[in-house]
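Colleague: To start, I am sharing the structure in question, which I have written as structure tokens.
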Amino acid sequence: MLRINRISNLRTFGQRFFSTEQQDVVVIGGGPGGYVAGIKAGQLGMKVTVVEKRGKLGGTCLNVGCIPSKALLNASHLYEEATTKMSKYGVKCSGVELDLGAMMQYKDKSVSGLTSGIEGLFKKNKVKYDKGFGKITGPNTVEVTLNDGSVKTIETKNIVIATGSEVTSLPNVNIDEESIISSTGALALKSVPKKLIVIGGGVIGLELGSVWSRLGSETTVVEFTNRIAAGADGEVAKKFQKSLEKQHMKFHLETKVTSVVKKSDGKVTVTVEQVGAGGFTGTLEADAVLVSVGRRPNTSGLGLESVGIPTDKAGRVEVGDHFNTKVPSIFAIGDAIRGPMLAHKAEEEGIAIIEQIHNGGGHVNYGAIPSIIYTHPEVAWVGKTEEELQKEGIQYNIGRFPFVANSRAKTNDDVEGFVKFLAAKDSDRVLGAHIMGTNAGELIGECVLAMEYGASCEDIARTCHGHPTLSEAVKEAAMDAYDKPIHM
């Protein structure tokens with residue numbers, strides 16, 4: 001028996017420290033960039049392993065970001081419709097109550113179905129999946145500490161860093177995910193806070209603030225700059241804020257948070273001070289505070305220093321035009337590198353880097369990456385804003401069309417917002433597109449396609465669009481940029 005135990009222990013020791021594999025590509029990170037890279041590599045016949053420490057594929061986006069937030073945005077919107085609007089359509093809703101537990105179950109089911117779907121795609125495309133933490137130990141080696149505690153080394157021709165990002169907080173603000181929460185905590189609250197303060201007026205803060213506002217929270221957004229929705233066109237941002245204010249969300253712009261203190265009763269006091277003409281100085285009380293001030297790359301502990309790969313002050317891996325680091329066999333994509341922290345940007349990079357490794361191809365047009373805020377109304381944009389064009393001295397024409405003049409929007413009783421095109425004055429080529437309104441996130445796709453292929457506003461306007469559809473507003477806005485719209 002003693003001899004058998006010794007043999008067993010030696011075998012375990014060997015598996016723990018000396019297990020090696022040979023691969024063409026190892027992808028560290030199983031989020032949108034990483035899992036897409038893994039699938040693409042499998043499709044191209046490469047031997048590929050994706051290493052993900054979470055134990056679930058999909059990264060922040062699928063597990064505690066894009067997907068669960070959209071589920072709650074949808075559910076909370078339906079709840080608000082049932083309590084405020086359905087009767088005008090002849091649908092009488094009596095005794096409407098919020099079952100937050102059931103809503104959270106719906107959210108969780110949406111997530112679990114998609115994570116298991118990715119695992120199915122891995123099997124279909126022969127992608128190996130290691131649940132554990134990957135660390136670079138050489139130009140062609142990755143040490144994986146598996147979640148069961150065992151350790152193995154993978155030898156590979158190429159390494160792709162796709163480790164994503166994590167929530168960042170304010171100095172001296174401790175996120176406990178109870179009263180002081182990050183986006184992760186805001187997706188899993190056990191009850192609706194009577195008062196909610198959102199620190200940060202960006203995409204995440206506005207979306208999650210909107211969810212809890214619809215469900216009954218008195219929601220206040222505190223933003224350091226003089227506008228919400230950074231990156232959006234200025235005209236759109238102003239009208240968007242007014243829309244959210246009509247939905248009873250409050251805003252303190254040009255206001256700095258100086259302290260966040262949790263009291264013994266669990267409530268939170270937020271002290272703020274004015275940093276601009278429109279700012280506010282004082283204290284705010286809340287049952288919950290959502291800290292939504294940005295994210296930082298997940299690059300610490302990867303072993304980058306051991307192979308001489310530098311990062312910038314924000315922790316982003318420094319790469320060249322083809323995602324290449326200073327080590328020829330190591331690449332980086334997604335939130336780990338420069339650029340907007342967007343899942344779809346990472347997905348495009350995931351495909352591009354594998355094509356680059358495979359045959360030297362692979363390209364991402366960063367001038368045609370859309371941004372979307374999934375509130376109601378939605379806000380979406382691609383390309384240049386007016387402010388950017390003015391700063392660059394580029395002359396342009398503007399085309400606008402309001403949804404109030406769109407027949408489908410009228411029949412849907414949802415006419416808030418507009419479509420706006422910015423087109424080059426000399427060529428009519430689309431330079432930017434900005435939409436505020438229902439399904440803006442779906443409508444922006446046509447505009448992205450137009451920019452990808454260098455289309456003009458006239459090209460869009462002379463393309464037949466179905467009637468009645470919201471997409472006709474895109475056509476009419478394009479028509480307004482070079483001529484005159486028909487229905488306005």
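Heads up, the Cβ atoms here are built off N, Cα and C, so glycines get one too.
What Swiss-Prot shows for this protein is this:
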type     : residues                                                                               : note
BINDING  : 52-61, Lys70, Gly134, 163-165, Asp335, 341-344                                         : FAD binding site
DISULFID : Cys61-Cys66                                                                            : disulfide bond
BINDING  : Gly200, Gly201, Gly202, Val203, Ile204, Gly205, Leu206, Glu207, Glu223, Val257, Gly294 : NAD(+) binding site
ACT_SITE : His467                                                                                 : active site, proton acceptor
Colleague: Mind giving me a neighbour count for Gly202 (NAD(+) binding site)? Other Cβ atoms within 10 Å of its Cβ, every protein chain shown.
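Modeller: By my count, 19.
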Colleague: Can you see whether DSSP assigns Glu52 (FAD binding site) to helix, strand or coil?
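Modeller: Looking at the DSSP assignment, Glu52 (FAD binding site) belongs to a strand.
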Colleague: Quick one, of the binding-site residues Leu206, Ala343, which Cβ has the fewest other Cβ within 10 Å?
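Modeller: Ranked by other Cβ atoms within 10 Å, the binding-site residues Leu206, Ala343 bottom out at Ala343.
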Colleague: Within 10 Å of Ile204 (NAD(+) binding site), Cα to Cα, which of the recorded positions Gly55, Gly58, Cys66 are there?
Modeller: Cys66
Colleague: Quick one: of the recorded positions Gly55, Cys61, Cys66, Thr163, Ala343, which has its CA closest to the CA of Leu206 (NAD(+) binding site)?
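Modeller: Minimum Cα distance from Leu206 (NAD(+) binding site) across Gly55, Cys61, Cys66, Thr163, Ala343 lands on Cys66.
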Colleague: Over all pairs within Gly200, Gly201, Gly202, Val203, Ile204, Gly205, Leu206, Glu207, Glu223, Val257, Gly294, the annotated NAD(+) binders, what is the largest Cα to Cα distance, rounded to whole Å?
Modeller: 20
Colleague: According to DSSP, folded down to helix, strand and coil, what is Cys61 (FAD binding site)?
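Modeller: Looking at the DSSP assignment, Cys61 (FAD binding site) belongs to a helix.
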Colleague: Where the distance is taken from Cα to Cα, which of the recorded positions Cys66, Gly202, Glu223 turns out closest to Gly55 (FAD binding site)?
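Modeller: In terms of Cα distance, Gly55 (FAD binding site) lies closest to Cys66.
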Colleague: If you run the three-state DSSP split on Asp335 (FAD binding site), which class comes out?
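Modeller: Going by the DSSP assignment, Asp335 (FAD binding site) falls within a helical segment, counted as helix.
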Colleague: Which one of these binding-site residues, Gly200, Gly294, has the sparsest Cβ neighbourhood, judged by other Cβ atoms within 10 angstroms?
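Modeller: Result for the binding-site residues Gly200, Gly294: minimum number of other Cβ atoms within 10 Å at Gly294.
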Colleague: Where does Ile204 (NAD(+) binding site) sit in DSSP terms: helix, strand, or coil?
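Modeller: It is helical.
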